[in-house]
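Peer 1: Marked as domain 'Major facilitator superfamily (MFS) profile' by TrEMBL: 26-476. TrEMBL lists 22-42, 62-81, 93-111, 117-137, 149-167, 179-201, 282-305, 320-342, 354-374, 380-409, 421-442, 454-473 with the feature transmembrane segment.
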Amino acid sequence: MMATAALQVAVESKKNNGNVKYAFTCAIFASMASIILGYDIGVMSGASLYIKKDLKITDVQLEILVGIMNLYSLIGAFAAARTSDWIGRRITVVFAAAIFFAGALLMGFAVDYAMLMAGRFVAGVGVGYAVMIAPVYTAEISPASARGFLTSFPDFFINFGILLGYVSNYAFAGLPLRLGWRVMLGIGAAPSMLLALMVFVMPESPRWLVKNGRLADARAVLEKTSATPEEVAERLADIKAAAGIPKDLDGDVVTVPEGQKSKEAQVWKELILSPTPAMRRILLSALGIHFFQQASGSDCVVLYSPRVFKSAGITDENKLLGATCAVGVTKTLFILVAAFLLDRVGRRPLLQCSAGGMMVSLVGLGTGLTVVGHHPDAKIPWAVALCIASTLAFVAFFSIGLGPITAVYPSEIFPLRVRALGFAVGVACNRLTSGVISMTFLSLSKAITIGGSFFLYSGIAALGCVFFFAYLPETRGRTLEEMGKLFGMADTGMEEAEGIRGQEKVIQNPNGCKLDGNQETAATVSLS
(Lines of atoms letter the chains of each structure in order from A and count residues from 1; the text may use other names and numbers.)
(Lines give C-alpha, C1' and ligand atoms only; values in the text may rest on other atoms or scores of the structure.)
Protein backbone atom coordinates (compact mmCIF):
# COMPACT_ATOMS: atom_id res chain seq x y z
CA MET A 1 0.00 0.00 0.00
CA MET A 2 2.83 2.37 0.90
CA ALA A 3 4.61 1.60 -2.37
CA THR A 4 1.41 2.21 -4.32
CA ALA A 5 0.80 5.49 -2.50
CA ALA A 6 4.38 6.57 -3.14
CA LEU A 7 4.04 5.74 -6.83
CA GLN A 8 0.80 7.69 -7.07
CA VAL A 9 2.41 10.73 -5.42
CA ALA A 10 5.34 10.48 -7.84
CA VAL A 11 3.00 10.33 -10.83
CA GLU A 12 0.99 13.30 -9.61
CA SER A 13 4.17 15.31 -9.13
CA LYS A 14 5.21 14.61 -12.74
CA LYS A 15 1.88 15.71 -14.19
CA ASN A 16 1.89 19.01 -16.00
CA ASN A 17 -1.51 20.58 -15.47
CA GLY A 18 -0.58 23.42 -17.82
CA ASN A 19 -0.20 20.92 -20.66
CA VAL A 20 -3.59 19.42 -19.93
CA LYS A 21 -5.18 22.86 -19.97
CA TYR A 22 -3.45 23.66 -23.26
CA ALA A 23 -4.80 20.44 -24.80
CA PHE A 24 -8.27 21.27 -23.52
CA THR A 25 -8.04 24.75 -25.07
CA CYS A 26 -6.95 23.40 -28.46
CA ALA A 27 -9.65 20.73 -28.45
CA ILE A 28 -12.31 23.29 -27.55
CA PHE A 29 -11.14 25.69 -30.27
CA ALA A 30 -11.35 22.87 -32.83
CA SER A 31 -14.79 21.85 -31.58
CA MET A 32 -15.96 25.41 -32.18
CA ALA A 33 -15.92 24.67 -35.92
CA SER A 34 -19.26 22.94 -35.22
CA ILE A 35 -20.78 26.34 -34.42
CA ILE A 36 -21.01 26.86 -38.19
CA LEU A 37 -23.49 23.99 -38.60
CA GLY A 38 -25.46 24.95 -35.50
CA TYR A 39 -25.77 28.60 -36.48
CA ASP A 40 -27.14 27.72 -39.91
CA ILE A 41 -29.74 25.33 -38.43
CA GLY A 42 -30.83 27.87 -35.84
CA VAL A 43 -30.90 30.96 -38.04
CA MET A 44 -32.82 29.26 -40.86
CA SER A 45 -35.64 28.38 -38.46
CA GLY A 46 -36.56 32.05 -38.16
CA ALA A 47 -35.17 33.46 -41.40
CA SER A 48 -37.27 31.01 -43.43
CA LEU A 49 -40.45 32.81 -42.27
CA TYR A 50 -39.25 36.08 -43.80
CA ILE A 51 -37.64 34.48 -46.88
CA LYS A 52 -40.98 32.95 -47.87
CA LYS A 53 -42.75 36.31 -47.51
CA ASP A 54 -40.09 38.32 -49.32
CA LEU A 55 -39.25 35.99 -52.21
CA LYS A 56 -42.82 34.62 -52.43
CA ILE A 57 -41.74 30.99 -52.68
CA THR A 58 -43.81 27.86 -52.11
CA ASP A 59 -43.56 25.47 -49.17
CA VAL A 60 -41.83 22.91 -51.39
CA GLN A 61 -39.21 25.48 -52.43
CA LEU A 62 -38.77 26.46 -48.80
CA GLU A 63 -38.25 22.94 -47.48
CA ILE A 64 -35.75 22.26 -50.27
CA LEU A 65 -33.92 25.47 -49.39
CA VAL A 66 -33.79 24.53 -45.72
CA GLY A 67 -32.87 20.87 -46.09
CA ILE A 68 -30.63 20.84 -49.16
CA MET A 69 -27.60 21.94 -47.13
CA ASN A 70 -27.45 18.49 -45.54
CA LEU A 71 -26.88 16.97 -48.98
CA TYR A 72 -24.40 19.65 -49.97
CA SER A 73 -22.48 19.01 -46.77
CA LEU A 74 -21.71 15.46 -47.96
CA ILE A 75 -19.45 16.98 -50.62
CA GLY A 76 -17.61 18.99 -47.99
CA ALA A 77 -17.34 16.06 -45.60
CA PHE A 78 -15.68 13.73 -48.10
CA ALA A 79 -13.56 16.56 -49.52
CA ALA A 80 -12.38 17.33 -45.98
CA ALA A 81 -11.12 13.77 -45.68
CA ARG A 82 -8.70 14.30 -48.55
CA THR A 83 -7.87 17.89 -47.69
CA SER A 84 -7.00 17.08 -44.09
CA ASP A 85 -4.68 14.28 -45.23
CA TRP A 86 -3.10 16.54 -47.81
CA ILE A 87 -2.49 19.83 -45.99
CA GLY A 88 -3.21 18.89 -42.37
CA ARG A 89 -6.10 19.07 -39.90
CA ARG A 90 -5.25 22.57 -38.70
CA ILE A 91 -5.42 24.28 -42.10
CA THR A 92 -8.53 22.29 -43.00
CA VAL A 93 -10.29 24.08 -40.13
CA VAL A 94 -9.37 27.36 -41.88
CA PHE A 95 -10.78 25.95 -45.13
CA ALA A 96 -14.07 25.19 -43.37
CA ALA A 97 -14.26 28.72 -41.99
CA ALA A 98 -13.34 30.36 -45.32
CA ILE A 99 -15.85 28.38 -47.37
CA PHE A 100 -18.70 29.05 -44.94
CA PHE A 101 -17.67 32.74 -44.84
CA ALA A 102 -18.12 32.95 -48.62
CA GLY A 103 -21.43 31.11 -48.45
CA ALA A 104 -22.78 33.38 -45.69
CA LEU A 105 -21.94 36.47 -47.74
CA LEU A 106 -23.63 34.99 -50.82
CA MET A 107 -26.78 34.29 -48.82
CA GLY A 108 -26.68 37.73 -47.20
CA PHE A 109 -26.53 39.50 -50.57
CA ALA A 110 -28.90 37.14 -52.41
CA VAL A 111 -31.32 38.96 -54.71
CA ASP A 112 -33.42 35.95 -55.69
CA TYR A 113 -34.08 32.30 -54.93
CA ALA A 114 -31.39 31.03 -57.34
CA MET A 115 -28.65 33.13 -55.73
CA LEU A 116 -29.83 32.06 -52.30
CA MET A 117 -29.56 28.41 -53.34
CA ALA A 118 -26.03 29.07 -54.65
CA GLY A 119 -25.11 30.52 -51.26
CA ARG A 120 -26.61 27.46 -49.56
CA PHE A 121 -24.43 25.22 -51.73
CA VAL A 122 -21.21 27.03 -50.82
CA ALA A 123 -22.16 27.25 -47.13
CA GLY A 124 -23.15 23.56 -47.20
CA VAL A 125 -19.70 22.55 -48.39
CA GLY A 126 -18.22 24.59 -45.54
CA VAL A 127 -20.55 22.90 -43.07
CA GLY A 128 -19.43 19.49 -44.37
CA TYR A 129 -15.82 20.45 -43.78
CA ALA A 130 -16.62 21.57 -40.24
CA VAL A 131 -18.71 18.49 -39.37
CA MET A 132 -15.86 16.19 -40.38
CA ILE A 133 -12.79 18.07 -39.14
CA ALA A 134 -14.07 19.25 -35.73
CA PRO A 135 -14.39 15.79 -34.10
CA VAL A 136 -11.33 14.49 -35.96
CA TYR A 137 -8.97 17.17 -34.67
CA THR A 138 -10.59 17.14 -31.23
CA ALA A 139 -10.09 13.40 -30.81
CA GLU A 140 -6.54 13.48 -32.15
CA ILE A 141 -5.30 16.33 -29.97
CA SER A 142 -7.07 15.30 -26.74
CA PRO A 143 -5.14 13.57 -23.95
CA ALA A 144 -6.25 10.02 -23.19
CA SER A 145 -7.71 10.97 -19.82
CA ALA A 146 -10.25 13.35 -21.38
CA ARG A 147 -11.03 12.02 -24.85
CA GLY A 148 -14.57 10.90 -24.03
CA PHE A 149 -15.44 14.24 -22.43
CA LEU A 150 -13.90 16.39 -25.16
CA THR A 151 -15.22 14.28 -28.04
CA SER A 152 -18.72 15.30 -26.96
CA PHE A 153 -17.86 19.00 -27.26
CA PRO A 154 -18.52 19.36 -31.01
CA ASP A 155 -22.16 18.56 -30.28
CA PHE A 156 -22.20 21.17 -27.52
CA PHE A 157 -20.99 23.80 -29.95
CA ILE A 158 -23.57 22.74 -32.53
CA ASN A 159 -26.20 23.48 -29.91
CA PHE A 160 -24.48 26.73 -28.96
CA GLY A 161 -24.51 27.70 -32.65
CA ILE A 162 -28.23 26.92 -32.82
CA LEU A 163 -28.76 29.22 -29.86
CA LEU A 164 -26.77 31.98 -31.58
CA GLY A 165 -28.95 31.51 -34.66
CA TYR A 166 -32.10 31.88 -32.57
CA VAL A 167 -30.73 35.01 -30.90
CA SER A 168 -29.90 36.42 -34.33
CA ASN A 169 -33.50 35.78 -35.43
CA TYR A 170 -34.81 37.58 -32.37
CA ALA A 171 -32.37 40.49 -32.65
CA PHE A 172 -32.98 41.30 -36.32
CA ALA A 173 -36.67 40.44 -36.58
CA GLY A 174 -37.57 44.13 -36.31
CA LEU A 175 -35.65 45.13 -39.45
CA PRO A 176 -37.50 45.72 -42.75
CA LEU A 177 -38.59 42.52 -44.47
CA ARG A 178 -36.06 42.73 -47.34
CA LEU A 179 -33.19 43.45 -44.95
CA GLY A 180 -33.93 41.31 -41.87
CA TRP A 181 -33.38 37.78 -43.19
CA ARG A 182 -30.35 38.88 -45.21
CA VAL A 183 -28.67 40.25 -42.09
CA MET A 184 -29.56 37.06 -40.18
CA LEU A 185 -27.84 34.91 -42.80
CA GLY A 186 -24.98 37.25 -43.65
CA ILE A 187 -23.86 37.80 -40.08
CA GLY A 188 -23.04 34.08 -39.97
CA ALA A 189 -19.73 35.10 -41.55
CA ALA A 190 -18.65 36.51 -38.16
CA PRO A 191 -18.27 33.16 -36.30
CA SER A 192 -16.27 31.73 -39.21
CA MET A 193 -13.87 34.70 -39.14
CA LEU A 194 -13.36 34.25 -35.40
CA LEU A 195 -12.73 30.53 -35.89
CA ALA A 196 -10.08 31.18 -38.56
CA LEU A 197 -8.22 33.50 -36.18
CA MET A 198 -8.30 30.95 -33.36
CA VAL A 199 -6.58 28.36 -35.55
CA PHE A 200 -3.30 30.26 -35.28
CA VAL A 201 -2.94 29.30 -31.59
CA MET A 202 -3.61 25.60 -32.33
CA PRO A 203 -0.83 23.11 -33.12
CA GLU A 204 -1.09 20.58 -35.93
CA SER A 205 -2.55 17.19 -35.08
CA PRO A 206 0.20 14.79 -33.94
CA ARG A 207 -1.58 12.02 -35.88
CA TRP A 208 -1.16 13.90 -39.16
CA LEU A 209 2.46 14.78 -38.36
CA VAL A 210 3.32 11.12 -37.74
CA LYS A 211 1.52 10.03 -40.90
CA ASN A 212 3.79 12.39 -42.82
CA GLY A 213 6.93 11.17 -41.07
CA ARG A 214 7.47 14.29 -38.91
CA LEU A 215 8.12 12.46 -35.66
CA ALA A 216 10.04 15.27 -33.95
CA ASP A 217 7.19 17.75 -34.58
CA ALA A 218 4.65 15.20 -33.39
CA ARG A 219 6.65 14.55 -30.23
CA ALA A 220 6.82 18.31 -29.57
CA VAL A 221 3.03 18.62 -29.84
CA LEU A 222 2.48 15.61 -27.58
CA GLU A 223 4.83 17.09 -25.00
CA LYS A 224 2.60 20.17 -24.92
CA THR A 225 -0.66 18.22 -24.67
CA SER A 226 0.16 15.28 -22.37
CA ALA A 227 0.17 15.17 -18.59
CA THR A 228 3.29 13.02 -18.13
CA PRO A 229 6.39 11.93 -20.12
CA GLU A 230 5.07 8.35 -19.97
CA GLU A 231 1.87 9.46 -21.71
CA VAL A 232 3.94 11.22 -24.42
CA ALA A 233 5.86 8.01 -25.19
CA GLU A 234 2.72 5.89 -25.10
CA ARG A 235 0.66 8.15 -27.36
CA LEU A 236 3.52 8.45 -29.85
CA ALA A 237 3.97 4.66 -29.95
CA ASP A 238 0.25 4.12 -30.55
CA ILE A 239 0.10 6.75 -33.30
CA LYS A 240 3.17 5.28 -35.02
CA ALA A 241 1.55 1.85 -34.94
CA ALA A 242 -1.68 3.20 -36.42
CA ALA A 243 0.28 5.00 -39.16
CA GLY A 244 2.11 1.80 -40.09
CA ILE A 245 5.50 3.02 -38.89
CA PRO A 246 7.56 0.29 -37.18
CA LYS A 247 8.02 1.05 -33.51
CA ASP A 248 11.79 0.72 -33.77
CA LEU A 249 11.94 3.31 -36.57
CA ASP A 250 12.82 6.69 -35.06
CA GLY A 251 14.27 10.04 -35.99
CA ASP A 252 13.19 13.61 -36.63
CA VAL A 253 11.83 12.84 -40.11
CA VAL A 254 11.18 9.33 -41.40
CA THR A 255 9.75 7.84 -44.58
CA VAL A 256 6.30 6.33 -44.13
CA PRO A 257 6.29 2.75 -45.48
CA GLU A 258 4.65 2.37 -48.89
CA GLY A 259 2.95 -0.79 -47.64
CA GLN A 260 0.52 1.41 -45.73
CA LYS A 261 -1.23 2.21 -49.02
CA SER A 262 -2.15 -1.42 -49.50
CA LYS A 263 -3.57 -1.46 -45.96
CA GLU A 264 -5.84 1.46 -46.84
CA ALA A 265 -7.09 -0.43 -49.91
CA GLN A 266 -8.18 -3.29 -47.63
CA VAL A 267 -10.27 -1.06 -45.39
CA TRP A 268 -13.17 -0.84 -47.84
CA LYS A 269 -13.27 -4.60 -48.19
CA GLU A 270 -13.09 -5.21 -44.44
CA LEU A 271 -15.80 -2.69 -43.53
CA ILE A 272 -18.13 -2.47 -46.54
CA LEU A 273 -17.62 -5.13 -49.20
CA SER A 274 -17.14 -8.34 -47.21
CA PRO A 275 -17.34 -7.63 -43.49
CA THR A 276 -17.29 -10.34 -40.85
CA PRO A 277 -20.47 -10.74 -38.75
CA ALA A 278 -18.81 -8.84 -35.89
CA MET A 279 -17.71 -5.98 -38.18
CA ARG A 280 -21.18 -5.87 -39.72
CA ARG A 281 -22.69 -5.50 -36.26
CA ILE A 282 -20.28 -2.67 -35.44
CA LEU A 283 -21.18 -0.87 -38.68
CA LEU A 284 -24.92 -1.37 -38.19
CA SER A 285 -24.64 -0.12 -34.60
CA ALA A 286 -23.00 3.11 -35.77
CA LEU A 287 -25.41 3.57 -38.67
CA GLY A 288 -28.37 2.86 -36.39
CA ILE A 289 -27.40 5.62 -33.98
CA HIS A 290 -26.89 8.10 -36.82
CA PHE A 291 -30.18 7.10 -38.48
CA PHE A 292 -32.38 7.29 -35.38
CA GLN A 293 -30.82 10.59 -34.32
CA GLN A 294 -32.19 12.26 -37.45
CA ALA A 295 -35.19 10.06 -38.37
CA SER A 296 -36.85 10.84 -35.02
CA GLY A 297 -37.41 14.42 -36.23
CA SER A 298 -34.80 16.32 -34.24
CA ASP A 299 -33.93 18.69 -37.08
CA CYS A 300 -37.60 19.34 -37.83
CA VAL A 301 -38.24 20.42 -34.25
CA VAL A 302 -35.29 22.82 -34.44
CA LEU A 303 -35.60 24.07 -38.02
CA TYR A 304 -39.37 24.50 -37.97
CA SER A 305 -39.91 25.38 -34.30
CA PRO A 306 -41.42 28.82 -35.14
CA ARG A 307 -43.87 27.12 -37.50
CA VAL A 308 -44.64 24.48 -34.85
CA PHE A 309 -45.32 27.15 -32.22
CA LYS A 310 -47.41 29.09 -34.75
CA SER A 311 -49.46 25.95 -35.37
CA ALA A 312 -49.85 25.64 -31.60
CA GLY A 313 -51.56 29.05 -31.50
CA ILE A 314 -48.68 31.49 -30.82
CA THR A 315 -49.12 34.09 -33.55
CA ASP A 316 -47.10 37.09 -32.29
CA GLU A 317 -43.70 37.01 -34.05
CA ASN A 318 -41.73 38.24 -31.02
CA LYS A 319 -43.32 35.54 -28.85
CA LEU A 320 -42.62 32.97 -31.56
CA LEU A 321 -38.92 33.82 -31.67
CA GLY A 322 -38.77 34.11 -27.87
CA ALA A 323 -40.15 30.58 -27.49
CA THR A 324 -37.66 29.42 -30.11
CA CYS A 325 -34.79 30.96 -28.11
CA ALA A 326 -35.98 28.94 -25.10
CA VAL A 327 -35.50 25.80 -27.23
CA GLY A 328 -31.90 26.83 -27.94
CA VAL A 329 -31.14 27.53 -24.27
CA THR A 330 -32.58 24.16 -23.24
CA LYS A 331 -30.53 22.26 -25.83
CA THR A 332 -27.30 24.02 -24.79
CA LEU A 333 -27.78 23.45 -21.06
CA PHE A 334 -28.66 19.76 -21.32
CA ILE A 335 -25.73 18.92 -23.59
CA LEU A 336 -23.50 20.00 -20.69
CA VAL A 337 -25.36 17.58 -18.42
CA ALA A 338 -24.70 14.80 -20.93
CA ALA A 339 -20.98 15.58 -21.09
CA PHE A 340 -20.64 14.84 -17.38
CA LEU A 341 -22.90 11.76 -17.41
CA LEU A 342 -21.34 9.92 -20.37
CA ASP A 343 -18.57 8.28 -18.35
CA ARG A 344 -20.59 7.92 -15.14
CA VAL A 345 -23.92 6.47 -16.26
CA GLY A 346 -22.87 4.83 -19.52
CA ARG A 347 -23.86 5.08 -23.17
CA ARG A 348 -26.69 2.55 -23.34
CA PRO A 349 -28.77 3.88 -20.41
CA LEU A 350 -28.49 7.44 -21.74
CA LEU A 351 -29.50 6.35 -25.25
CA GLN A 352 -32.53 4.43 -23.98
CA CYS A 353 -33.57 7.26 -21.67
CA SER A 354 -33.10 9.75 -24.49
CA ALA A 355 -35.12 7.80 -27.08
CA GLY A 356 -37.87 6.96 -24.58
CA GLY A 357 -38.17 10.57 -23.43
CA MET A 358 -38.22 11.81 -27.02
CA MET A 359 -40.99 9.33 -27.84
CA VAL A 360 -43.19 10.55 -24.97
CA SER A 361 -42.42 14.20 -25.78
CA LEU A 362 -43.35 13.71 -29.44
CA VAL A 363 -46.63 12.08 -28.44
CA GLY A 364 -47.36 15.11 -26.25
CA LEU A 365 -46.43 17.52 -29.04
CA GLY A 366 -48.53 15.62 -31.58
CA THR A 367 -51.50 15.58 -29.18
CA GLY A 368 -51.30 19.31 -28.49
CA LEU A 369 -50.98 20.21 -32.17
CA THR A 370 -53.86 17.90 -33.13
CA VAL A 371 -56.17 19.47 -30.52
CA VAL A 372 -55.27 22.98 -31.68
CA GLY A 373 -55.71 21.94 -35.32
CA HIS A 374 -59.23 20.67 -34.64
CA HIS A 375 -60.22 23.99 -33.03
CA PRO A 376 -58.60 26.64 -35.28
CA ASP A 377 -60.84 29.46 -34.10
CA ALA A 378 -60.54 28.79 -30.37
CA LYS A 379 -57.74 29.45 -27.91
CA ILE A 380 -56.92 26.34 -25.89
CA PRO A 381 -54.30 27.36 -23.31
CA TRP A 382 -53.56 23.85 -22.04
CA ALA A 383 -52.88 22.58 -25.57
CA VAL A 384 -50.53 25.50 -26.28
CA ALA A 385 -48.74 24.89 -22.97
CA LEU A 386 -48.49 21.17 -23.79
CA CYS A 387 -46.88 21.95 -27.15
CA ILE A 388 -44.28 24.28 -25.60
CA ALA A 389 -43.50 21.90 -22.72
CA SER A 390 -43.27 18.91 -25.06
CA THR A 391 -40.90 20.74 -27.41
CA LEU A 392 -38.60 21.75 -24.56
CA ALA A 393 -38.73 18.22 -23.13
CA PHE A 394 -37.91 16.77 -26.54
CA VAL A 395 -34.76 18.86 -27.03
CA ALA A 396 -33.70 18.16 -23.43
CA PHE A 397 -33.99 14.38 -23.85
CA PHE A 398 -32.28 14.59 -27.24
CA SER A 399 -29.35 16.53 -25.77
CA ILE A 400 -28.64 14.08 -22.94
CA GLY A 401 -28.40 11.07 -25.23
CA LEU A 402 -28.76 10.88 -29.00
CA GLY A 403 -27.17 14.29 -29.52
CA PRO A 404 -23.66 13.76 -28.07
CA ILE A 405 -23.47 9.96 -28.12
CA THR A 406 -23.80 9.92 -31.91
CA ALA A 407 -20.29 11.41 -32.00
CA VAL A 408 -18.85 9.42 -29.09
CA TYR A 409 -20.08 5.84 -29.62
CA PRO A 410 -18.92 5.29 -33.23
CA SER A 411 -15.44 6.61 -32.39
CA GLU A 412 -15.20 3.96 -29.66
CA ILE A 413 -16.48 0.83 -31.38
CA PHE A 414 -14.67 0.86 -34.74
CA PRO A 415 -11.27 -0.83 -34.76
CA LEU A 416 -8.50 1.66 -35.38
CA ARG A 417 -7.74 0.40 -38.88
CA VAL A 418 -11.29 1.11 -40.15
CA ARG A 419 -12.25 3.98 -37.87
CA ALA A 420 -11.75 6.71 -40.49
CA LEU A 421 -14.01 5.11 -43.08
CA GLY A 422 -16.53 4.05 -40.45
CA PHE A 423 -16.77 7.62 -39.16
CA ALA A 424 -17.21 9.01 -42.70
CA VAL A 425 -19.94 6.47 -43.55
CA GLY A 426 -21.75 7.35 -40.32
CA VAL A 427 -21.63 11.08 -41.11
CA ALA A 428 -22.96 10.36 -44.62
CA CYS A 429 -25.89 8.40 -43.16
CA ASN A 430 -26.56 11.21 -40.68
CA ARG A 431 -26.57 13.99 -43.28
CA LEU A 432 -28.61 12.03 -45.83
CA THR A 433 -31.27 11.15 -43.27
CA SER A 434 -31.36 14.73 -42.02
CA GLY A 435 -31.74 16.03 -45.57
CA VAL A 436 -34.61 13.68 -46.38
CA ILE A 437 -36.46 14.41 -43.12
CA SER A 438 -36.05 18.20 -43.26
CA MET A 439 -36.94 18.41 -46.98
CA THR A 440 -40.15 16.40 -46.57
CA PHE A 441 -41.50 17.82 -43.28
CA LEU A 442 -43.78 20.48 -44.77
CA SER A 443 -45.16 18.13 -47.43
CA LEU A 444 -45.65 15.41 -44.81
CA SER A 445 -47.45 17.87 -42.53
CA LYS A 446 -49.88 18.72 -45.32
CA ALA A 447 -50.50 15.06 -46.05
CA ILE A 448 -51.06 13.74 -42.51
CA THR A 449 -51.25 17.04 -40.50
CA ILE A 450 -48.42 18.50 -38.45
CA GLY A 451 -49.61 16.59 -35.37
CA GLY A 452 -49.63 13.36 -37.34
CA SER A 453 -46.04 14.01 -38.44
CA PHE A 454 -44.86 14.08 -34.86
CA PHE A 455 -46.83 10.93 -34.05
CA LEU A 456 -44.90 9.28 -36.88
CA TYR A 457 -41.59 10.53 -35.49
CA SER A 458 -42.56 9.22 -32.05
CA GLY A 459 -42.99 5.74 -33.55
CA ILE A 460 -39.50 5.97 -35.05
CA ALA A 461 -38.11 7.04 -31.65
CA ALA A 462 -39.80 4.01 -30.07
CA LEU A 463 -38.10 1.74 -32.61
CA GLY A 464 -34.82 3.44 -31.76
CA CYS A 465 -35.31 2.70 -28.08
CA VAL A 466 -35.86 -0.99 -28.87
CA PHE A 467 -32.80 -1.02 -31.16
CA PHE A 468 -30.55 0.51 -28.49
CA PHE A 469 -31.78 -1.98 -25.89
CA ALA A 470 -31.54 -5.10 -28.03
CA TYR A 471 -28.56 -4.42 -30.27
CA LEU A 472 -26.02 -2.08 -28.65
CA PRO A 473 -23.60 -3.32 -25.97
CA GLU A 474 -22.37 -0.97 -23.24
CA THR A 475 -18.89 0.43 -23.89
CA ARG A 476 -18.25 2.39 -20.70
CA GLY A 477 -15.09 1.26 -18.91
CA ARG A 478 -14.00 -1.05 -21.73
CA THR A 479 -10.56 -1.10 -23.29
CA LEU A 480 -10.10 -0.95 -27.04
CA GLU A 481 -9.27 -4.66 -27.17
CA GLU A 482 -12.45 -5.48 -25.22
CA MET A 483 -14.53 -3.47 -27.71
CA GLY A 484 -13.98 -6.13 -30.37
CA LYS A 485 -15.00 -8.91 -27.99
CA LEU A 486 -18.20 -7.01 -27.14
CA PHE A 487 -19.29 -7.32 -30.76
CA GLY A 488 -18.16 -10.93 -31.17
CA MET A 489 -14.69 -10.53 -32.58
CA ALA A 490 -12.55 -13.52 -31.64
CA ASP A 491 -9.32 -11.52 -32.04
CA THR A 492 -9.06 -7.85 -32.90
CA GLY A 493 -5.52 -8.45 -34.13
CA MET A 494 -4.49 -5.04 -32.96
CA GLU A 495 -1.55 -6.06 -30.86
CA GLU A 496 0.03 -8.11 -33.66
CA ALA A 497 -1.10 -6.27 -36.76
CA GLU A 498 -0.69 -2.74 -35.53
CA GLY A 499 1.65 -3.06 -32.59
CA ILE A 500 -0.63 -1.38 -30.07
CA ARG A 501 0.03 -2.42 -26.55
CA GLY A 502 -2.88 -3.92 -24.66
CA GLN A 503 -1.53 -3.94 -21.12
CA GLU A 504 -3.06 -1.76 -18.43
CA LYS A 505 -1.64 1.73 -17.96
CA VAL A 506 -0.15 1.09 -14.53
CA ILE A 507 1.75 4.37 -14.38
CA GLN A 508 -1.39 6.43 -14.98
CA ASN A 509 -3.57 4.12 -12.89
CA PRO A 510 -1.33 2.77 -10.11
CA ASN A 511 -4.15 1.06 -8.25
CA GLY A 512 -4.58 -1.38 -11.13
CA CYS A 513 -8.27 -0.52 -11.70
CA LYS A 514 -9.72 -0.53 -15.19
CA LEU A 515 -9.69 2.85 -16.81
CA ASP A 516 -12.82 4.69 -17.88
CA GLY A 517 -13.95 4.26 -21.44
CA ASN A 518 -12.84 7.77 -22.35
CA GLN A 519 -9.30 6.96 -21.17
CA GLU A 520 -8.77 3.63 -22.90
CA THR A 521 -10.99 3.54 -25.94
CA ALA A 522 -8.65 5.93 -27.73
CA ALA A 523 -11.25 7.72 -29.77
CA THR A 524 -8.71 8.83 -32.32
CA VAL A 525 -10.61 9.46 -35.54
CA SER A 526 -8.28 9.53 -38.53
CA LEU A 527 -9.00 10.17 -42.18
CA SER A 528 -6.63 7.62 -43.68
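From the backbone N, Cα and C atoms, a Cβ is placed for every residue, glycine too.
Keep in mind that this is a model prediction, so the values were computed, not measured.
Tell me what's around each of these sites.
Peer 2: Through the fold, the transmembrane segment (93-111) approaches residues 30, 33, 36, 76, 80, 83, 118-127, 129-130, 133-134, 137, 182-183, 185-189, 192-193, 195-196, 199, 202 of its own chain, all at least 6 residues removed from its boundaries and within a Cβ separation under 8 Å.
Residues 42, 45-46, 148-149, 152-153, 155-156, 159-160, 162-163, 165-167, 169-170, 173, 301-302, 305-306, 309-310, 314, 350, 388, 391-392, 395-396, 398-401, 403-405, 408, 476, 518 of the same chain lie 6+ residues outside the transmembrane segment (320-342) yet bring a C-beta within less than 8 angstroms of a C-beta in it.
Within its own chain, the transmembrane segment (354-374) is flanked in space by residues 292, 296-298, 301, 308, 311-313, 380, 383-384, 386-387, 389-391, 393-394, 396-398, 400-403, 405, 449-455, 457-458, 461-462, 464-465, 468, which lie at least six positions past its ends and keep a Cβ under 8 Å from the stretch.
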Peer 1: Return the stretch with the most CB pairs under 8 A relative to the transmembrane segment (22-42), choosing among 62-81, 149-167, 282-305, 421-442, 454-473.
Peer 2: 149-167
Peer 1: Answer with yes or no whether the transmembrane segment (421-442) touches the transmembrane segment (282-305) by the criterion of at least three Cβ pairs under 8 A, sequence separation 6 or more.
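Peer 2: Answer yes: the transmembrane segment (282-305) meets the transmembrane segment (421-442) with 3 or more Cβ pairs below 8 Å.
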Peer 1: Residues sitting near the transmembrane segment (62-81): Cβ under 8 Å, six or more positions beyond its termini, same chain?
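Peer 2: Same-chain contacts beyond the ends: 37, 40, 44, 48, 51-52, 92, 95-96, 99, 113, 116-117, 120-121, 123-133, 299, 303, 420, 424, 427-428, 431-432, 434-443, 527.
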Peer 1: Average the per-residue pLDDT over the domain 'Major facilitator superfamily (MFS) profile' (26-476) and send me the rounded value.
Peer 2: 82
